[in-house]
Amino acid sequence: MARKYFGTDGVRGKVGEYPITPDFVMKLGWAAGKVLSKKGTRKVLIGKDTRISGYMLESALEAGLSAAGLKAILMGPMPTPAVAYLTRTFRAEAGIVISASHNPYYDNGIKFFSADGTKLPDEVEMAIEAELDHELKCVESAELGKALRIDDAAGRYIEFCKSTFPSNLSLEGLKMVVDCGHGATYHIAPSVFRELGAEVIAIGCSPDGLNINDGVGSTAPEALAAKVLECKADLGVAFDGDGDRLVMVDNTGYIIDGDEILYIIARDALRNGRLKGGVVGTLMANMGLELALQTLGIPFARAKVGDRYVLEMMNEKGWRIGGENSGHIICLDQTTTGDGIVAALQVLTAICTAEMPLAKLRSGMNKFPQVLVNVRFAEGRDPLAADAVQQEVAKVEQELAGRGRVLLRKSGTEPLIRVMVEGEHEQQVRDMAQRIAQQVESAF
């Protein structure tokens, strides 16, 4: 059955436009409450990032859950992985995150975690969608859910993050820049690294409701690179608005993406005898990652794009390390979902145990030039089915002669066609990507 509301990462859109409106979000809270109340514990955690619309949507969700008879535990600004972790430790029936991740402030979204801290199964999302088609009916007054705020959520999560860094190691003597993108990690990430001994220069830690992901954070790592060079820091880390993505910068200002982070973590796990199986990447993962892991004898598999699909494949194979080149890194030995802070701590562990700078650790992987072009399209159209597009793709693949890849896919969160071409020569793949993008544009 086709989904009406849930995309690859929950419900998302522009604030004030359906479905990100107060009335719909209240009904979504009610529908989720109706489904979840059948499963046991009648309490749900709610966290949010720093968007100004989070206040409005939090109140709407709270009202909907209360109408269904569930208790809402409000945590305020909290990274997505923190909600996943705290949902488990509070033994709640579910966790809800109000965030649009790396998108601008005027977007927002709602995503859910199940009691075990993983994304909701498809069948539960479909059950919530089915309830949304029914009229909202409030439970009896005596059965209404209450709401309460907890003040120590950030402290609990800080201690959890620190626990994923070996107790016999220290970040003493390390100078690092931490860019929180004016997002949900602003009051957490700097404390984690400072308390482990690092000298921290914090940027992107002054959210005003409108500046999330604006020229800072993992989607704009140039700001981090500039600060690392300016301060002569050893490295830098940048998170997105909800803290589930990580991008790093070494002391030369080189920007290290999710594929290179996966390589560093996997190589360290292999070296220390902790690697279980292989590594799961996505269809967008750089060929350089696959070849570098192959050289180390580490198996590599590609899942569909989206951290939920990476996690599904990791569980199917019993592997513990996976992620996306965008910086979603999942370390199942430590947590249940993508966690930017925890992933950064795994890289810092590798730096400490190998006694090598970040620049040296990443040098074992040589990335292929990869060009991504986004083409906006009208909803309801399918330009990927056009003969001209398919012919151009076939032509490009023939020219690459097995030393590169072409990938076209629809975004799961925006009306975009993503055209990716990868090969050995940057100008060649840039030209190829533009040729295909032009055919996609012409198709509608």
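Using the three backbone atoms N, Cα and C, a Cβ is placed for every residue, glycine included.
The model shown is predicted, which means the values in this text are computed figures rather than measured ones.
Site annotation for Mg(2+) in Swiss-Prot covers ASP240, ASP242, ASP244, and the matching candidate from SER66, SER101, SER114, SER411 is SER101. Each residue contributes its Cα atom, and for ASP244 (Mg(2+) binding site) and SER101 (active site, phosphoserine intermediate) those atoms are 8 Å apart. The number of other CB atoms found within 10 A of the CB of ASP240 (Mg(2+) binding site), across every protein chain shown, is 31. According to its DSSP assignment, ASP242 (Mg(2+) binding site) is coil. Here the C-alpha separation of SER101 (active site, phosphoserine intermediate) and ASP240 (Mg(2+) binding site) works out to 6 Å. In sequence order, ASP49, PRO79, THR80, VAL97, SER99, SER101, GLY183, ALA184 constitute the residues six or more apart from ASP242 (Mg(2+) binding site) in its chain with CB-CB distances below 8 Å. Between the recorded positions SER101, ASP244, ASP244 has the most other Cβ atoms inside 10 Å of its own Cβ, all protein chains included.
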